[in-house]
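Per Swiss-Prot, these features apply:
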type: SIGNAL; residues: 1-28; note: signal peptide
type: DOMAIN; residues: 36-175; note: domain 'WIF'
type: DISULFID; residues: C138-C175; note: disulfide bond
type: DOMAIN; residues: 176-205; note: domain 'EGF-like 1'
type: DISULFID; residues: C180-C190; note: disulfide bond
type: DISULFID; residues: C184-C196; note: disulfide bond
type: DOMAIN; residues: 208-240; note: domain 'EGF-like 2'
type: DISULFID; residues: C212-C222; note: disulfide bond
type: DISULFID; residues: C216-C228; note: disulfide bond
type: DISULFID; residues: C230-C239; note: disulfide bond
type: DOMAIN; residues: 243-272; note: domain 'EGF-like 3'
type: DISULFID; residues: C244-C254; note: disulfide bond
type: DISULFID; residues: C248-C260; note: disulfide bond
type: DOMAIN; residues: 272-304; note: domain 'EGF-like 4'
type: DISULFID; residues: C276-C286; note: disulfide bond
type: DISULFID; residues: C294-C303; note: disulfide bond
type: DOMAIN; residues: 305-336; note: domain 'EGF-like 5'
type: DISULFID; residues: C312-C324; note: disulfide bond
type: DISULFID; residues: C326-C335; note: disulfide bond
type: REGION; residues: 343-378; note: region 'Disordered'
type: COMPBIAS; residues: 367-378; note: compositional bias 'Polar residues'
Amino acid sequence: MAFRTPAVQLHLKACVLLLLGGLLEAAYQERGTMYMWIDANQARILIGFEEDILIVSEGKMAPFTHDFRKAQQRMPAIPVNIHHVNFTWQATDQAEYFYEFQTLRSLDKDIMDDPTVNVPLLGSVPHKASVVQVGFPCRGDQDGVAAFEVTILVMDAGGNIILRTPHNAIFFKTCQRAKCPGGCRNGGYCNERQVCECQDGFYGVHCEKALCSPRCLNGGLCMSPGVCICPPGYFGSSCERANCSTTCLNGGTCFHPGKCICAVSFEGVRCELSKCRQPCRNGGKCTGRNKCKCSKGYHGDLCSKAVCEPSCGAHGTCVEPNRCQCREGWHGRHCNKRFRGGVSNSQRVSPSKHKSPSVAAAKEAPETSQPSETNYVV
(Lines of atoms letter the chains of each structure in order from A and count residues from 1; the text may use other names and numbers.)
(Lines give C-alpha, C1' and ligand atoms only; values in the text may rest on other atoms or scores of the structure.)
Protein backbone atom coordinates (compact mmCIF):
# COMPACT_ATOMS: atom_id res chain seq x y z
CA MET A 1 0.00 0.00 0.00
CA ALA A 2 1.32 3.46 -0.93
CA PHE A 3 2.36 5.70 2.00
CA ARG A 4 0.01 8.58 2.75
CA THR A 5 1.24 11.72 4.48
CA PRO A 6 -0.92 13.29 7.21
CA ALA A 7 -1.70 16.14 4.83
CA VAL A 8 -3.00 13.74 2.16
CA GLN A 9 -5.07 11.82 4.73
CA LEU A 10 -6.55 15.05 6.01
CA HIS A 11 -7.47 16.07 2.47
CA LEU A 12 -9.16 12.70 1.83
CA LYS A 13 -11.05 12.93 5.09
CA ALA A 14 -12.25 16.42 4.21
CA CYS A 15 -13.40 15.24 0.76
CA VAL A 16 -15.42 12.38 2.21
CA LEU A 17 -16.97 14.60 4.83
CA LEU A 18 -17.88 17.12 2.14
CA LEU A 19 -19.47 14.37 0.05
CA LEU A 20 -21.64 13.02 2.85
CA GLY A 21 -22.16 16.20 4.77
CA GLY A 22 -23.08 17.97 1.57
CA LEU A 23 -26.26 15.93 1.50
CA LEU A 24 -27.55 17.91 4.49
CA GLU A 25 -27.65 21.57 5.51
CA ALA A 26 -27.67 22.70 9.16
CA ALA A 27 -30.73 24.20 10.81
CA TYR A 28 -31.66 25.04 14.39
CA GLN A 29 -33.28 22.28 16.45
CA GLU A 30 -35.12 23.41 19.58
CA ARG A 31 -35.92 20.03 21.07
CA GLY A 32 -35.13 16.37 20.52
CA THR A 33 -31.87 14.83 19.48
CA MET A 34 -30.63 13.35 16.21
CA TYR A 35 -27.28 11.82 15.31
CA MET A 36 -25.74 10.88 11.98
CA TRP A 37 -22.27 9.41 11.51
CA ILE A 38 -19.97 7.23 9.43
CA ASP A 39 -18.76 4.21 11.38
CA ALA A 40 -15.10 3.29 11.61
CA ASN A 41 -15.29 0.36 9.15
CA GLN A 42 -16.85 2.52 6.45
CA ALA A 43 -14.33 5.29 7.12
CA ARG A 44 -11.46 2.82 6.66
CA ILE A 45 -12.82 1.84 3.24
CA LEU A 46 -13.31 5.45 2.20
CA ILE A 47 -10.30 7.31 3.58
CA GLY A 48 -7.88 4.64 4.74
CA PHE A 49 -7.95 5.03 8.51
CA GLU A 50 -10.36 3.72 11.07
CA GLU A 51 -12.38 6.12 13.20
CA ASP A 52 -15.99 7.22 13.59
CA ILE A 53 -16.84 10.44 11.76
CA LEU A 54 -19.73 12.54 13.12
CA ILE A 55 -21.86 14.34 10.55
CA VAL A 56 -24.76 15.42 12.80
CA SER A 57 -24.56 15.62 16.58
CA GLU A 58 -27.50 16.73 18.75
CA GLY A 59 -29.28 18.12 15.72
CA LYS A 60 -26.36 20.25 14.54
CA MET A 61 -24.25 19.75 11.44
CA ALA A 62 -20.47 19.67 11.27
CA PRO A 63 -19.04 23.15 10.53
CA PHE A 64 -17.57 22.24 7.13
CA THR A 65 -21.03 21.81 5.61
CA HIS A 66 -22.01 25.43 6.20
CA ASP A 67 -20.06 26.60 3.15
CA PHE A 68 -21.00 23.71 0.91
CA ARG A 69 -21.07 25.74 -2.31
CA LYS A 70 -17.39 26.60 -2.12
CA ALA A 71 -16.43 23.18 -0.85
CA GLN A 72 -18.31 21.51 -3.70
CA GLN A 73 -15.94 23.07 -6.23
CA ARG A 74 -13.01 21.26 -4.60
CA MET A 75 -14.84 17.94 -4.15
CA PRO A 76 -13.30 15.09 -6.19
CA ALA A 77 -15.30 12.46 -8.08
CA ILE A 78 -16.11 9.28 -6.19
CA PRO A 79 -13.45 6.69 -7.17
CA VAL A 80 -14.14 3.69 -9.40
CA ASN A 81 -13.73 1.17 -6.58
CA ILE A 82 -16.40 2.76 -4.32
CA HIS A 83 -19.88 1.61 -5.30
CA HIS A 84 -21.84 3.00 -2.35
CA VAL A 85 -21.54 5.12 0.79
CA ASN A 86 -23.05 4.12 4.14
CA PHE A 87 -24.04 6.43 6.96
CA THR A 88 -25.84 5.68 10.21
CA TRP A 89 -28.60 7.76 11.78
CA GLN A 90 -30.70 7.66 14.93
CA ALA A 91 -33.37 9.75 16.70
CA THR A 92 -32.87 9.27 20.43
CA ASP A 93 -35.40 9.24 23.26
CA GLN A 94 -38.84 10.43 22.14
CA ALA A 95 -37.64 12.80 19.41
CA GLU A 96 -39.53 12.38 16.13
CA TYR A 97 -37.93 13.23 12.78
CA PHE A 98 -39.31 12.61 9.31
CA TYR A 99 -37.32 12.47 6.07
CA GLU A 100 -37.95 12.48 2.33
CA PHE A 101 -35.53 11.71 -0.49
CA GLN A 102 -36.86 14.27 -2.97
CA THR A 103 -34.32 13.71 -5.74
CA LEU A 104 -32.23 10.71 -6.75
CA ARG A 105 -31.23 11.48 -10.32
CA SER A 106 -28.37 10.70 -12.66
CA LEU A 107 -27.52 13.44 -15.14
CA ASP A 108 -25.54 11.01 -17.31
CA LYS A 109 -27.73 7.93 -17.66
CA ASP A 110 -25.55 6.42 -20.37
CA ILE A 111 -22.78 6.14 -17.74
CA MET A 112 -24.64 5.69 -14.43
CA ASP A 113 -28.23 4.84 -13.48
CA ASP A 114 -30.12 6.87 -10.85
CA PRO A 115 -28.64 6.66 -7.33
CA THR A 116 -30.32 4.16 -5.01
CA VAL A 117 -31.10 4.03 -1.29
CA ASN A 118 -31.93 1.00 0.85
CA VAL A 119 -34.76 2.71 2.74
CA PRO A 120 -38.20 3.98 1.65
CA LEU A 121 -38.07 7.38 -0.04
CA LEU A 122 -40.40 8.77 2.65
CA GLY A 123 -40.41 7.79 6.32
CA SER A 124 -39.26 8.51 9.86
CA VAL A 125 -35.74 8.47 11.28
CA PRO A 126 -35.60 5.28 13.40
CA HIS A 127 -35.01 5.33 17.14
CA LYS A 128 -32.59 2.45 16.75
CA ALA A 129 -29.27 3.14 15.02
CA SER A 130 -29.79 2.14 11.37
CA VAL A 131 -27.59 2.16 8.27
CA VAL A 132 -28.61 4.09 5.15
CA GLN A 133 -26.79 3.07 1.98
CA VAL A 134 -26.57 5.38 -1.02
CA GLY A 135 -25.57 3.42 -4.13
CA PHE A 136 -23.95 4.66 -7.34
CA PRO A 137 -24.87 2.09 -10.05
CA CYS A 138 -22.47 2.51 -12.96
CA ARG A 139 -23.81 0.86 -16.10
CA GLY A 140 -20.44 -0.50 -17.17
CA ASP A 141 -21.04 0.41 -20.82
CA GLN A 142 -18.27 3.00 -21.07
CA ASP A 143 -15.57 4.91 -19.22
CA GLY A 144 -16.46 8.35 -17.89
CA VAL A 145 -17.54 10.57 -15.00
CA ALA A 146 -21.26 10.80 -14.25
CA ALA A 147 -22.92 13.73 -12.50
CA PHE A 148 -25.83 13.04 -10.16
CA GLU A 149 -28.18 14.77 -7.69
CA VAL A 150 -29.28 13.68 -4.23
CA THR A 151 -31.82 15.84 -2.36
CA ILE A 152 -33.03 14.93 1.13
CA LEU A 153 -35.32 16.81 3.51
CA VAL A 154 -35.62 16.16 7.28
CA MET A 155 -38.38 17.69 9.45
CA ASP A 156 -39.43 17.47 13.08
CA ALA A 157 -42.88 16.40 14.30
CA GLY A 158 -44.17 19.96 13.94
CA GLY A 159 -43.27 20.13 10.25
CA ASN A 160 -40.28 22.43 10.78
CA ILE A 161 -37.40 21.84 8.38
CA ILE A 162 -34.41 20.57 10.35
CA LEU A 163 -32.01 19.47 7.61
CA ARG A 164 -32.07 20.00 3.87
CA THR A 165 -29.72 19.30 1.01
CA PRO A 166 -28.92 22.44 -0.98
CA HIS A 167 -30.88 22.58 -4.24
CA ASN A 168 -28.98 21.53 -7.37
CA ALA A 169 -26.22 19.94 -5.31
CA ILE A 170 -24.21 18.01 -7.91
CA PHE A 171 -21.88 15.10 -7.14
CA PHE A 172 -19.66 13.06 -9.44
CA LYS A 173 -18.87 9.34 -9.81
CA THR A 174 -16.07 7.82 -11.87
CA CYS A 175 -17.18 4.78 -13.88
CA GLN A 176 -15.38 2.46 -16.27
CA ARG A 177 -16.33 -0.04 -18.92
CA ALA A 178 -16.90 -3.49 -17.46
CA LYS A 179 -15.92 -6.74 -19.13
CA CYS A 180 -17.92 -9.90 -18.44
CA PRO A 181 -16.22 -13.10 -19.70
CA GLY A 182 -18.51 -14.68 -22.25
CA GLY A 183 -20.60 -11.53 -22.68
CA CYS A 184 -24.21 -10.81 -21.71
CA ARG A 185 -27.08 -11.98 -23.93
CA ASN A 186 -30.72 -11.10 -24.51
CA GLY A 187 -30.27 -7.41 -23.77
CA GLY A 188 -28.34 -7.87 -20.52
CA TYR A 189 -25.43 -5.59 -19.73
CA CYS A 190 -22.20 -6.01 -17.81
CA ASN A 191 -22.05 -3.85 -14.69
CA GLU A 192 -18.92 -2.47 -13.11
CA ARG A 193 -18.59 -5.57 -10.93
CA GLN A 194 -18.23 -7.62 -14.12
CA VAL A 195 -21.57 -9.35 -13.52
CA CYS A 196 -24.34 -9.52 -16.13
CA GLU A 197 -27.55 -7.71 -15.20
CA CYS A 198 -30.37 -9.37 -17.11
CA GLN A 199 -33.54 -7.96 -18.64
CA ASP A 200 -36.86 -9.05 -17.11
CA GLY A 201 -37.65 -12.63 -18.07
CA PHE A 202 -34.03 -13.79 -18.40
CA TYR A 203 -31.48 -15.17 -15.96
CA GLY A 204 -28.19 -17.04 -15.85
CA VAL A 205 -24.52 -16.06 -15.76
CA HIS A 206 -24.80 -14.68 -19.30
CA CYS A 207 -28.58 -13.99 -19.24
CA GLU A 208 -28.83 -16.97 -21.55
CA LYS A 209 -31.83 -18.60 -19.86
CA ALA A 210 -35.42 -17.48 -20.29
CA LEU A 211 -38.02 -17.64 -17.53
CA CYS A 212 -41.37 -19.21 -18.39
CA SER A 213 -44.21 -19.12 -15.89
CA PRO A 214 -45.73 -21.63 -15.67
CA ARG A 215 -42.67 -23.67 -16.60
CA CYS A 216 -42.47 -25.71 -19.79
CA LEU A 217 -43.62 -29.32 -19.23
CA ASN A 218 -42.77 -32.67 -20.81
CA GLY A 219 -39.26 -31.63 -21.81
CA GLY A 220 -40.28 -28.34 -23.40
CA LEU A 221 -37.63 -25.61 -23.75
CA CYS A 222 -38.26 -22.01 -22.68
CA MET A 223 -36.94 -19.90 -25.56
CA SER A 224 -38.11 -16.47 -24.43
CA PRO A 225 -40.28 -15.22 -21.56
CA GLY A 226 -43.57 -17.12 -21.73
CA VAL A 227 -42.71 -18.99 -24.98
CA CYS A 228 -42.10 -22.76 -24.87
CA ILE A 229 -40.74 -24.91 -27.70
CA CYS A 230 -42.43 -28.30 -27.29
CA PRO A 231 -40.90 -31.70 -28.18
CA PRO A 232 -42.59 -33.86 -30.83
CA GLY A 233 -45.95 -35.16 -29.66
CA TYR A 234 -46.78 -32.26 -27.33
CA PHE A 235 -48.39 -28.88 -27.72
CA GLY A 236 -49.95 -26.08 -25.66
CA SER A 237 -48.58 -22.87 -24.16
CA SER A 238 -46.63 -24.92 -21.59
CA CYS A 239 -46.38 -28.17 -23.62
CA GLU A 240 -48.97 -29.59 -21.26
CA ARG A 241 -51.05 -31.38 -23.92
CA ALA A 242 -50.11 -34.59 -25.75
CA ASN A 243 -50.97 -35.19 -29.38
CA CYS A 244 -52.47 -38.69 -29.59
CA SER A 245 -52.84 -40.21 -33.04
CA THR A 246 -55.87 -42.18 -31.79
CA THR A 247 -58.66 -40.82 -29.66
CA CYS A 248 -59.00 -42.02 -26.06
CA LEU A 249 -62.44 -43.58 -25.52
CA ASN A 250 -64.91 -43.71 -22.63
CA GLY A 251 -63.70 -40.50 -21.00
CA GLY A 252 -59.97 -41.33 -21.21
CA THR A 253 -57.37 -38.53 -21.36
CA CYS A 254 -54.32 -38.44 -23.63
CA PHE A 255 -51.25 -37.70 -21.48
CA HIS A 256 -48.42 -38.89 -23.75
CA PRO A 257 -48.27 -39.48 -27.49
CA GLY A 258 -50.20 -42.69 -28.08
CA LYS A 259 -50.98 -43.25 -24.37
CA CYS A 260 -54.23 -42.71 -22.53
CA ILE A 261 -55.17 -42.34 -18.88
CA CYS A 262 -58.43 -44.29 -18.63
CA ALA A 263 -61.44 -43.68 -16.45
CA VAL A 264 -61.61 -45.95 -13.41
CA SER A 265 -63.83 -48.58 -15.04
CA PHE A 266 -61.99 -48.92 -18.37
CA GLU A 267 -58.65 -50.14 -19.66
CA GLY A 268 -56.85 -50.81 -22.91
CA VAL A 269 -54.66 -48.71 -25.22
CA ARG A 270 -57.62 -46.49 -26.08
CA CYS A 271 -59.67 -47.22 -22.92
CA GLU A 272 -61.90 -49.36 -25.08
CA LEU A 273 -62.23 -52.28 -22.64
CA SER A 274 -64.44 -52.42 -19.59
CA LYS A 275 -62.77 -53.79 -16.47
CA CYS A 276 -65.97 -55.75 -15.70
CA ARG A 277 -66.28 -58.74 -18.06
CA GLN A 278 -69.99 -59.00 -17.30
CA PRO A 279 -71.82 -55.67 -17.20
CA CYS A 280 -73.10 -54.36 -13.90
CA ARG A 281 -76.89 -54.55 -13.77
CA ASN A 282 -79.70 -52.39 -12.46
CA GLY A 283 -77.75 -49.14 -12.88
CA GLY A 284 -74.57 -50.36 -11.17
CA LYS A 285 -71.20 -48.94 -12.25
CA CYS A 286 -67.94 -50.75 -12.84
CA THR A 287 -65.29 -49.36 -10.45
CA GLY A 288 -62.46 -51.84 -10.91
CA ARG A 289 -61.57 -55.19 -12.35
CA ASN A 290 -64.83 -57.20 -12.17
CA LYS A 291 -66.02 -54.94 -9.36
CA CYS A 292 -69.40 -53.22 -9.41
CA LYS A 293 -70.70 -50.36 -7.33
CA CYS A 294 -74.43 -50.95 -7.04
CA SER A 295 -77.17 -48.36 -7.07
CA LYS A 296 -79.45 -48.07 -4.06
CA GLY A 297 -81.69 -51.10 -3.55
CA TYR A 298 -79.39 -53.70 -5.16
CA HIS A 299 -76.37 -55.76 -4.16
CA GLY A 300 -74.30 -58.70 -5.35
CA ASP A 301 -71.27 -59.06 -7.63
CA LEU A 302 -73.25 -57.84 -10.63
CA CYS A 303 -75.83 -55.83 -8.67
CA SER A 304 -78.39 -58.46 -9.69
CA LYS A 305 -79.89 -59.00 -6.23
CA ALA A 306 -82.55 -56.71 -4.87
CA VAL A 307 -82.59 -55.54 -1.27
CA CYS A 308 -85.78 -55.75 0.80
CA GLU A 309 -85.82 -54.09 4.20
CA PRO A 310 -87.10 -55.79 6.30
CA SER A 311 -86.47 -59.10 4.52
CA CYS A 312 -89.11 -61.28 2.90
CA GLY A 313 -88.58 -63.93 5.56
CA ALA A 314 -88.66 -67.69 4.99
CA HIS A 315 -91.77 -67.65 2.75
CA GLY A 316 -90.82 -65.09 0.10
CA THR A 317 -88.12 -63.92 -2.31
CA CYS A 318 -86.98 -60.33 -2.83
CA VAL A 319 -87.36 -59.65 -6.55
CA GLU A 320 -87.17 -55.83 -6.61
CA PRO A 321 -86.11 -53.27 -4.03
CA ASN A 322 -88.54 -53.64 -1.11
CA ARG A 323 -90.84 -55.94 -3.14
CA CYS A 324 -91.37 -59.57 -2.12
CA GLN A 325 -92.65 -62.50 -4.20
CA CYS A 326 -94.45 -64.84 -1.77
CA ARG A 327 -94.64 -68.61 -1.92
CA GLU A 328 -98.02 -70.33 -2.40
CA GLY A 329 -100.18 -70.04 0.67
CA TRP A 330 -98.52 -66.85 1.94
CA HIS A 331 -99.15 -63.19 1.42
CA GLY A 332 -98.49 -59.80 2.97
CA ARG A 333 -95.84 -57.15 2.43
CA HIS A 334 -93.19 -59.42 3.92
CA CYS A 335 -94.87 -62.78 3.12
CA ASN A 336 -95.56 -63.35 6.79
CA LYS A 337 -99.33 -63.97 6.54
CA ARG A 338 -100.86 -67.38 5.74
CA PHE A 339 -104.01 -67.82 3.66
CA ARG A 340 -106.88 -69.53 5.47
CA GLY A 341 -109.55 -71.93 4.22
CA GLY A 342 -107.64 -72.86 1.08
CA VAL A 343 -108.46 -69.62 -0.65
CA SER A 344 -106.19 -69.09 -3.61
CA ASN A 345 -103.71 -66.23 -3.77
CA SER A 346 -105.47 -64.65 -6.70
CA GLN A 347 -108.66 -64.39 -4.67
CA ARG A 348 -106.95 -62.78 -1.66
CA VAL A 349 -104.57 -60.26 -3.26
CA SER A 350 -105.15 -56.70 -2.12
CA PRO A 351 -104.99 -53.89 -4.71
CA SER A 352 -101.63 -52.10 -4.84
CA LYS A 353 -100.65 -48.74 -6.13
CA HIS A 354 -97.49 -50.28 -7.62
CA LYS A 355 -98.53 -53.46 -9.47
CA SER A 356 -95.96 -55.43 -11.38
CA PRO A 357 -96.89 -56.72 -14.87
CA SER A 358 -97.36 -60.25 -13.48
CA VAL A 359 -99.84 -58.98 -10.89
CA ALA A 360 -101.84 -57.17 -13.54
CA ALA A 361 -101.81 -60.23 -15.77
CA ALA A 362 -103.01 -62.45 -12.93
CA LYS A 363 -105.88 -60.10 -12.15
CA GLU A 364 -106.98 -59.87 -15.77
CA ALA A 365 -106.74 -63.64 -16.40
CA PRO A 366 -110.00 -65.53 -17.11
CA GLU A 367 -111.62 -67.27 -14.18
CA THR A 368 -111.05 -70.64 -15.85
CA SER A 369 -107.24 -70.19 -15.79
CA GLN A 370 -105.09 -71.70 -13.07
CA PRO A 371 -104.08 -69.30 -10.30
CA SER A 372 -100.44 -68.08 -10.31
CA GLU A 373 -98.12 -69.95 -8.01
CA THR A 374 -96.35 -66.75 -7.01
CA ASN A 375 -97.44 -63.23 -6.49
CA TYR A 376 -95.91 -59.82 -5.92
CA VAL A 377 -97.47 -58.42 -2.78
CA VAL A 378 -97.00 -54.85 -1.66
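Glycine is no exception: its Cβ is also placed from the backbone N, Cα and C atoms.
Recorded features from Swiss-Prot, shown on the structure.
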residue	record	Cβ within 10 Å
C138	disulfide bond	24
C180	disulfide bond	19
C196	disulfide bond	24
C212	disulfide bond	21
C222	disulfide bond	20
C228	disulfide bond	24
C244	disulfide bond	18
C260	disulfide bond	25
C286	disulfide bond	20
C335	disulfide bond	24
Neighbouring C-beta atoms (10 Å sphere around the C-beta of C324 (disulfide bond)): 28
Tell me, by DSSP, whether C230 (disulfide bond) is helix, strand or coil? coil
For C260 (disulfide bond), which of the three DSSP-derived states applies: helix, strand, or coil? strand
What parts of the chain pack near the domain 'EGF-like 4' (272-304), using Cβ distances under 8 Å and only residues at least 6 beyond its ends? 249-250, 264-266, 320-322
Close disulfide-bonded residues near C326 (disulfide bond), where close means Cα within 10 Å, chosen from C254, C276, C286, C294, C312: C312
Does DSSP give C212 (disulfide bond) helix, strand or coil? coil
Count the residues of the domain 'EGF-like 4' (272-304) that DSSP assigns to helix (H, G, I), to strand (E, B) and to coil, and report the three numbers in that order. 0 helix, 11 strand, 22 coil
Chain-internal residues near C294 (disulfide bond), provided their CB is under 8 angstroms and they sit 6+ positions away: C280, N282, G283, G284, G300, C303
Separation of alpha carbons, C196 (disulfide bond) and C180 (disulfide bond) (Å): 7
Looking only at the disulfide-bonded residues C190, C228, C239, C244, C260, C222 (disulfide bond) has its closest CA neighbour at C228
The correct DSSP tally for the domain 'EGF-like 1' (176-205) reads 0 helix, 6 strand, 24 coil
If we take the Cα of C335 (disulfide bond) and draw a 10 Å sphere, the disulfide-bonded residues of C175, C228, C276, C286, C312, C324 inside it are C312, C324
Secondary structure composition of the domain 'WIF' (36-175) [DSSP: H/G/I, E/B, coil]: 18 helix, 65 strand, 57 coil
Go through C175, C303, our disulfide-bonded residues, and report the one whose Cβ sees the most other Cβ atoms within 10 Å. C175
